[in-house]
Structures are given as structure tokens and as C-alpha cells.
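K.L.:
The feature compositional bias 'Acidic residues' is assigned by Swiss-Prot to 673-688. What Swiss-Prot records for Ser113 is phosphoserine, and it gives a large-scale study or a structure entry as the kind of evidence. The annotation region 'Disordered' is assigned in Swiss-Prot to 673-695. Swiss-Prot lists 237-257, 265-285, 313-333, 344-364, 380-400, 408-428, 457-477, 488-508, 531-551, 565-585, 604-624, 633-653 with the feature transmembrane segment, giving sequence analysis as the kind of evidence.
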Amino acid sequence: MAGILSKTLSEVHPSLRTNGMGIGNTHRRISLGFLPPNKKNPLVRKFRARTRNIDQRSFRSLTDDFGSNVHEPNPYLGNIDEEPDLYYHDEEDGELSRTISLPSRVSETPELSPQDVDWILHEHERRYSSVCNSDNEEASQSNTPDRIQEYSGRELEYDEFMNRLQAQKQKLTRSAVTDAKGTSHHRRPSFVSVTSRGSVPTIYQEIDENDSEALAELAHSHVTFKSEARVLASYSFPLIFTFLLEQIFPMVCSLTVGHLGKNELAAVSLASMTSNITLAIFEGIATSLDTLCPQAYGSGRFYSVGVHLQRCIAFSLVIYIPFAVMWWYSEPLLSYIIPEKELINLTSRFLRVLILGAPAYIFFENLKRFLQAQGIFDAGIYVLTICAPLNVLVSYTLVWNKYIGVGFIGAAIAVVLNFWLMFFLLLFYALYIDGRKCWGGFSRKAFTHWNDLGHLAFSGIIMLEAEELSYELLTLFSAYYGVSYLAAQSAVSTMAALLYMIPFAIGISTSTRIANFIGAKRTDFAHISSQVGLSFSFIAGFINCCILVFGRNLIANIYSKDPEVIKLIAQVLPLVGIVQNFDSLNAVAGSCLRGQGMQSLGSIVNLMAYYLFGIPLALILSWFFDMKLYGLWIGIGSAMLLIGLVEAYYVLFPDWDKIMTYAEILKETEDDEVDSDEYLTDSDDPDENTALLGA
């Protein structure tokens with residue numbers, strides 16, 4: 001009998017001996033004899049708890065136990081071709097099945113939950129972690145000339161399989177909420193068996209239409225330079241208009257107050273500079289979502305996108321508290337810098353009102369990135385198209401209306417109202433139009449892993465503040481040469497900041513795509529997206545340069561009526577146009593680094609280039625060589641060129657292994673944050689209430 005059995009097994013096809021559930025499995029070799037009970041196996045433990053009879057184990061097929069939809073058509077991986085079962089018939093008509101499974105009563109277990117799917121994720125991660133044969137089998141099969149490599153592209157199929165299982169887990173979470181309300185639902189979808197050929201199994205025949213579209217998008221098939229250029233263009237244009245509309249708000253504030261007097265205008269300018277520097281900190285914190293949210297979305301962990309949003313908002317609000325205190329007591333702080341008491345008083349009053357609007361700005365910036373991670377880039381246009389004209393109307397009414405106008409402080413109130421209106425309109429869009437898919441409800445996880453978030457946020461703050469402060473320093477240095485030079489520098493800086501929004505929008509779009517691809521483990525497509533983004537940066541820089549060079553006289557006359565100021569602006573703008581090419585490369589390359597999760601590298605490059613090279617060079621050229629505004633812009637432009645070249649090198653020649661490892665660390669950190677009652681125990685207590693497929 002033993003000889004016949006041995007001879008029969010030796011004639012079995014190699015694919016049946018290497019990837020099946022039983023025979024020849026290199027990870028778990030199950031004896032064909034009677035299986036002893038494994039008390040640590042959660043399936044056996046659950047079965048014992050339900051039946052109280054350890055002798056009811058079965059050798060029925062896993063296909064029969066777990067699947068009723070085995071032979072239904074598969075819309076994702078195609079039909080699974082099942083090979084006929086191989087049986088050995090002895091004299092008593094016994095049979096030897098090629099698959100061995102657990103009791104058929106397992107299929108009668110309660111409805112699946114997200115914890116159930118967690119167990120399946122861990123089990124498949126272990127079971128499919130390798131597709132290689134054992135050493136002995138590999139050596140014995142290496143001599144077969146017609147051996148076919150059956151595992152090409154297996155890793156990509158496995159990644160897609162895991163993404164789909166993650167998506168189904170989130171669907172079950174939504175179903176659990178519906179079930180809690182007493183709503184009936186259909187019988188749970190079943191699993192398809194693992195075939196002898198080792199192909200990735202089809203899971204959950206019933207999938208949400210929205211999830212299906214998302215999973216199809218995650219496949220990222222047929223990505224080429226041309227197709228990616230179309231995608232980035234469709235993402236970038238809405239963002240360009242969004243950022244340009246955002247730049248209108250401070251201009252409206254200055255124009256509205258400017259006619260009240262020079263002290264009021266100076267106070268608004270000083271308060272705007274202070275608030276811009278402060279709010280740039282929270283925008284830098286929000287840039288961490290450029291890494292976290294798109295990567296989570298690309299890997300199919302949709303609800304993690306919402307958790308990252310909550311965590312970043314909570315983190316930002318805590319950081320905002322000391323800055324709010326500083327704004328409230330800004331009057332004594334400003335007295336050490338500015339001697340005019342009236343100017344200090346007006347600035348302090350303006351900042352105290354802005355305290356109420358800063359939280360809304362934080363909400364808006366984070367929610368905007370939450371939507372961008374899902375590929376929703378046009379929401380900002382709709383919101384700002386409504387807010388921009390309303391802001392003009394409200395500002396004029398609160399400042400100049402003889403019935404309800406409150407004068408200077410009305411401009412600050414208008415800014416606060418505008419911030420809150422922007423946030424509520426964007427929230428309405430996310431709730432009722434598009435973007436709610438990644439929201440799984442409020443979670444206590446928002447108050448965990450702040451240390452990991454802080455590393456990304458700190459680097460993002462340095463990247464933004466380094467450039468923001470460098471522009472402010474140029475304005476301060478220009479005041480040394482007189483009022484005309486200060487006015488010219490202010491106009492040129494404002495125009496440069498406005499045009500900077502074009503490459504910045506391209507960079508945000510590119511970083512989102514890169515992070516999506518990294519989350520989907522498609523580094524080849526992420527590299528294509530990086531190349532397209534950098535190519536677009538040269539186009540944007542050239543367009544900005546042409547605008548400043550050929551429109552220099554028109555721009556100068558818009559900003560001033562003073563002949564000397566007009567002349568200075570017209571002379572400096574061509575140089576600033578050349579610098580825009582470097583700044584455009586800098587903007588896109590820095591955004592690509594954020595998409596890769598390499599903010600720390602970008603922060604180091606920005607700090608060293610600006611403050612160890614650019615600013616000192618600007619001071620030397622402007623003061624010692626008497627080049628004045630030319631020297632300032634040559635110095636800062638040289639720093640931008642250096643930053644752009646260094647960052648572009650690391651974008652085009654990245655260490656993908658390091659990037660993917662870091663992305664996996666972020667993913668595992670998020671996945672490890674579960675409640676203690678969701679973990680399996682090794683207890684043999686028959687009365688335990690361990691879930692069948694616990695996480």
C-alpha cells in the first residue's frame with residue numbers, strides 16, 4: 001500500500017506538488033494521514049468552541065467549505081481553470097484528495113467583519129510570501145528542459161490581490177454600520193479556492209461599484225509618458241486657477257484698507273507678513289499629507305486617508321495654541337521692533353481678530369489635500385469661485401458701508417469670514433458631491449503616531465519657510481536703499497509669488513501621482529510621473545519668464561505711478577524672469593521629493609542653499625559690489641538653481657528600495673494601531689470568544 005501511494009505521488013504534476021494547499025507545500029506540509037488537532041490554530045479552536053467535539057474534523061475540500069461562487073466569472077483576474085482532482089482508488093474504493101481542508105461547518109460561521117479580513121490578510125501574507133520551491137524540489141526540477149516559469153508577474157498579481165482584500169475590509173466596515181441599524185443584508189460573499197496552479201485567488205465576488213472603479217484605477221495599466229502628461233495636465237489646470245484665486249484675497253484686503261490711510265495700509269502689510277509666516281508653518285505640516293494620503297489611497301487603504309487627515313488636523317491645532325497666544329500679545333512683542341505705537345496697535349488688533357480664522361485655514365488646507373489624494377483637484381475652483389467675489393463684497397461692506405461698516409478692523413473680520421466660508425463649502429463638497437469614500441468616521445488613531453507625523457511635518461515646514469523667509473529678507477534688505485527700491489522690490493516679489501503658483505500646482509499634482517504609484521508599489525510608473533513633472537516645470541518656467549520679460553512695462557505701470565519705481569521694476573523684471581526658470585524647477589522637484597516621502601532631504605538642501613549660499617551671496621553682490629536689487633536677485637536665483645539641480649537629481653535617480661521601505665514602515669505603523677481586543681490569543685479555553693478570522 002505504501003509503495004503504491006509513493007509511486008502515485010511521484011507521478012503527480014509538479015505544479016500540484018508545489019503550490020497546493022497540501023502536497024509539497026513549502027510553507028505548510030500537511031500530512032495525508034489523520035490530522036492531529038492544533039489547539040493554537042484559530043480555525044480549529046473556533047470549531048471546537050462551537051461543536052465541543054474534536055472528532056468531527058473532515059478532509060473535505062477547501063473549495064466546498066469556503067466558496068459557493070467558485071465557478072462564477074471573475075471580472076478582475078479572469079476565470080480560474082480548475083484541474084480535475086486526482087484520486088487514488090484502492091480496493092475499498094477509498095480516495096485521496098489533492099487538497100485538505102477544515103470542517104465543512106466552518107462555512108456556517110457568523111458574518112465576516114473587518115477583523116476577519118485582517119486575519120486573512122496576515123494568513124495570505126505568510127502563505128504567499130514566496131513562490132519558490134524547496135531546495136530539494138528546485139534541484140530535482142532544474143534538470144527538466146521544458147520547465148515553464150509559472151510565476152512571471154506574480155508579485156504584481158499578489159499586490160493587486162492584497163489591495164482588493166483591503167478594499168473589501170472597508171466595505172465590510174460600512175456593512176457593519178448598516179447592520180447595527182437593523183438593516184438586513186445579503187449573505188456574505190464567499191472565497192474562491194486556491195488552485196493547484198498557484199494563481200492568485202479571486203476574492204469576494206461581490207464588490208462595490210465604487211470600490212471596483214478605485215481598484216481598476218489602482219492597477220495603473222499602460223502608463224506611458226504621453227498618457228501621464230495628459231493626466232498631470234488635467235490635474236494641474238484646476239490647481240493653477242485655485243492657487244491664483246487664493247492670491248487674490250490678500251490683495252483685496254490691502255486695496256480695501258489702503259484708502260483709509262498710510263498707517264492702516266502699513267498695519268495690514270505688517271499683519272499680513274506676520275500671519276503669512278505663521279500660516280506657512282501649518283501649510284508645511286499639511287504637506288505631510290502629500291506623502292501619507294496618496295500612498296494610503298494608492299495601496300487601497302482608503303479609510304487610512306481619513307485617519308491621516310484627522311491626525312494632521314489635531315496635530316496642527318495643538319501646535320497653533322502657542323502661536324495664537326503670540327498673536328494675542330503681539331503688541332508688546334512688536335514694540336521691540338517697531339517704534340510707532342499707532343502702527344503697533346493697529347497691527348495687534350488685526351492679528352487678534354485673525355486668531356478666529358486660522359483654525360478654518362488649517363481645516364481648509366488639510367481637507368484640500370484629503371481630496372487631492374483621491375484625484376479630486378477641481379473642488380477648490382468651485383469653492384474659490386464662490387468665495388472670491390463674496391470676499392470683495394464683504395470686505396468693502398465691512399470697511400466702507402456707512403451702516404454696518406466698522407472701518408479698519410472690518411478687513412480682518414472679512415478675512416475670518418472668508419476662511420470659514422471656504423472650509424464649509426469644501427466640506428459640503430466632500431460630504432455631498434465627491435470625496436466621502438475615504439472617510440470612515442472619527443477615530444482615536446488621530447491622537448497616535450504624532451512622532452512619525454512630526455518628522456514629515458518638520459521637514460515640510462523647513463522647505464516652505466526657508467523660501468518664504470528668503471523673500472521677506474530680500475524685501476527688508478531692499479529698504480536699506482530707500483523707499484523707491486523697497487516699493488519696487490515689493491511689487492516684483494508679489495508678481496514672482498503670483499507666478500510661482502503655476503509650477504507649484506504642477507508640483508502638487510506630480511507629488512500626488514508619485515505617492516499613489518508608490519502606494520500601489522509601481523515605482524516604474526512613479527518614475528515616469530517624475531519625468532513628466534520635471535518636463536512640465538521647464539514649460540512653466542519658460543511661460544513665466546516670457547510674461548515678466550515681455551510684459552515688464554505693463555506690470556510696472558499696474559503696480560505704481562511713480563516714474564522712478566516704474567523704471568526700477570521694468571529693469572529688474574527680466575532678471576526675475578530668468579530666475580523663474582530656476583524657481584519652477586525648484587518647486588516641482590521639491591514636490592516630487594514630498595511625494596516620495598523624502599522631505600528631510602529637501603529641507604536640508606533648502607536650508608543650506610538659501611542661508612549658507614544664496615543669502616550671503618545676495619548681500620555681497622548688493623552691498624559690496626553695489627548691484628542693489630540686481631545683486632539680491634542674482635544671489636537668491638543662484639540658490640534656487642542649486643536647489644533645483646540637486647533635488648532634480650534625487651528625483652530622477654532615487655533609491656527606490658529605501659523609498660519603498662519607508663512607505664512600508666508608514667503602512668505598518670498605521671496597521672499596527674488596533675485595539676487590544678482584536679488580537680488573537682493562544683488560550684485553549686473552550687469558552688473563549690475569539691473571532692474565527694480575527695486580526
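For all residues, glycine too, the Cβ spot is worked out from N, Cα and C.
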K.L.:
When you look at the transmembrane segment (488-508) alongside the transmembrane segment (237-257), do they share 3+ Cβ pairs under 8 Å, ignoring any pair fewer than 6 residues apart in sequence?
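P.N.:
Between the transmembrane segment (488-508) and the transmembrane segment (237-257), which are separate recorded stretches, there is contact, as judged by 3 or more close Cβ pairs.
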K.L.:
Would the transmembrane segment (408-428) count as touching the transmembrane segment (344-364), if touching means at least three Cβ pairs under 8 Å and pairs must be 6 or more apart in sequence?
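P.N.:
The answer is yes, given that the two segments have at least 3 Cβ pairs within the 8 Å cut-off.
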K.L.:
Using Cβ atoms and a strict cutoff of less than 8 Å, what residues sit near the transmembrane segment (604-624) while being 6 or more residues removed from its termini?
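P.N.:
Same-chain contacts beyond the ends: 462-463, 466-467, 470, 473-474, 477, 590, 630-636, 638-640, 642-643, 646-647.
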K.L.:
Same chain, outside the transmembrane segment (488-508) by at least 6, Cβ under 8 Å from its Cβ: which residues?
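P.N.:
Non-local partners: 232, 236, 239-240, 242-244, 246-247, 290, 372, 471, 474-475, 478, 533, 536-537, 540-541, 543-544, 547-548, 555-556, 559-560, 565, 568-569, 572-573, 576, 579-580, 583-585, 587-592, 629, 632-633.
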K.L.:
What parts of the chain pack near the transmembrane segment (380-400), using Cβ distances under 8 Å and only residues at least 6 beyond its ends?
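P.N.:
Answer is 238-239, 241-242, 245-246, 248-249, 252-253, 256-257, 260, 368, 406-408, 410-411, 413-414, 417-418, 421-422, 425-426, 429.
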